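Engineer: What Swiss-Prot records for this protein is below:
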- 1-57: topological domain 'Extracellular' (TOPO_DOM)
- N28: N-linked glycosylation site (CARBOHYD)
- 58-78: transmembrane segment (TRANSMEM)
- 79-90: topological domain 'Cytoplasmic' (TOPO_DOM)
- 91-111: transmembrane segment (TRANSMEM)
- 112-126: topological domain 'Extracellular' (TOPO_DOM)
- C124-C204: disulfide bond (DISULFID)
- 127-147: transmembrane segment (TRANSMEM)
- 148-169: topological domain 'Cytoplasmic' (TOPO_DOM)
- 170-190: transmembrane segment (TRANSMEM)
- 191-221: topological domain 'Extracellular' (TOPO_DOM)
- N198: N-linked glycosylation site (CARBOHYD)
- 222-242: transmembrane segment (TRANSMEM)
- 243-261: topological domain 'Cytoplasmic' (TOPO_DOM)
- 262-282: transmembrane segment (TRANSMEM)
- 283-306: topological domain 'Extracellular' (TOPO_DOM)
- 307-327: transmembrane segment (TRANSMEM)
- 328-374: topological domain 'Cytoplasmic' (TOPO_DOM)
Amino acid sequence: MNSPISLDMGAITYNMDDLYKELAIYSNSTEIPLQDSIFCSTEEGPLLTSFKTIFMPVAYSLIFLLGMMGNILVLVILERHRHTRSSTETFLFHLAVADLLLVFILPFAVAEGSVGWVLGTFLCKTVIALHKINFYCSSLLLACIAVDRYLAIVHAVHAYRRRRLLSIHITCSTIWLAGFLFALPELLFAKVVQPHNNESLPQCIFSQENEAETRAWFASRFLYHTGGFLLPMLVMAWCYVGVVHRLLQAQRRPQRQKAVRVAILVTSIFLLCWSPYHIVIFLDTLERLKAVNSSCELSGYLSVAITLCEFLGLAHCCLNPMLYTFAGVKFRSDLSRLLTKLGCAGPASLCQLFPGWRKSSLSESENATSLTTF
């Protein structure tokens, strides 16, 4: 019969604050799994280390350049037609601003992965908060686009233009305010955790060194899952199901169908990029709540999955301009005119570079009587 194992607890002393800090430095992600009762190794495998130190800097640099140029072009094109912008285009303008905010934090992510966080607490709080603000504003703006299309197509709501634009601007301002308020936990509790050995790097994380901070972390996670993802996704699904059903009933107005198609594509790309991250984060939350059996193996898998899925989500910031370019007829026309004015390219060269860009589509959009990004 196996004899029980006894430990001389007097010979082992722990500083609990140091223990919390050691356990908090789990991965390079801002979402850090913390185990209360399972002591797992924090050493990363060679593949994940190579991914963070070699692939991520190159990929994030490319995303930074594409996202910066693409979203600035979107803002310039939409700003040129500020007085004739539709409600959907106003939402897309703010969506491009949110994506630019996400683009700005990519260099910080690259630097942290290479040398750790060396930029102090203020920038640590700012960068983590901007990450959350971007996601909240993006999801809420896409939900507003879905509601706007639903009201315009299913219920044929066409309000007086000035009153409608005023309500759109108020809605966008409210979304930005909500995004800031939802990111307050990050502004209050994010901090730089210094390493306790030469193998670790300083990390910018959501501090969980006491019970109050841990509760704030759980509240932030709950808000992230529900207000930032689940509820907006349900709103989008409900609205677009109604829109598609109405368009299938009335086989008319192909221009309106194209507008809805691009809106659905933008929403779909957002969900494809961010859904894996939210699924993994939700599993991590369940593990933290001990709703699932915790193990070092599961924690290791979650650490790798969080890093990979967060990369996919961050890549989203450069995809919307590409989508507008290849799926939006009027946007292509505006982009072509802008590039021609800048001396970069004209419709003919763009059609040669992209065979799918038919000159007919460019001329068709130029003859349109109303501006539409789609």
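Backbone N, Cα and C atoms are what each Cβ position is placed from, and that goes for glycine too.
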Engineer: As a test of the contact definition, list every same-chain residue at least 6 positions from C124 (disulfide bond) whose Cβ is closer than 8 Å to its Cβ.
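Structural biologist: Those within reach of C124 (disulfide bond), by Cβ under 8 Å and sequence separation of 6 or more, are W117, A190, K191, V192, C204.
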Engineer: Check the transmembrane segment (222-242) against the transmembrane segment (127-147) for contact, please; criterion is three or more CB pairs under 8 Å, pairs 6 or more apart in sequence.
Structural biologist: yes
Engineer: Please list, for the topological domain 'Extracellular' (112-126), how many residues fall into helix, strand and coil according to DSSP.
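Structural biologist: Per-class counts: 11 helix, 0 strand, 4 coil.
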Engineer: Between 170-190, 262-282, 307-327, who has the most Cβ pairs under 8 Å to the transmembrane segment (58-78)?
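Structural biologist: The stretch I would name here is 307-327.
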Engineer: Are there residues at least six beyond either end of the transmembrane segment (170-190) with Cβ under 8 Å to its Cβ atoms? List them, or say none.
Structural biologist: 90-91, 94, 121, 124-126, 128-134, 136-137, 140-141, 144, 204-207, 213, 216-217, 219-220, 223, 227-228
Engineer: Counting each residue once, how many in the topological domain 'Cytoplasmic' (79-90) are helix, strand and coil under DSSP?
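Structural biologist: Once the DSSP states are binned, the topological domain 'Cytoplasmic' (79-90) shows 9 helix, 0 strand, 3 coil.
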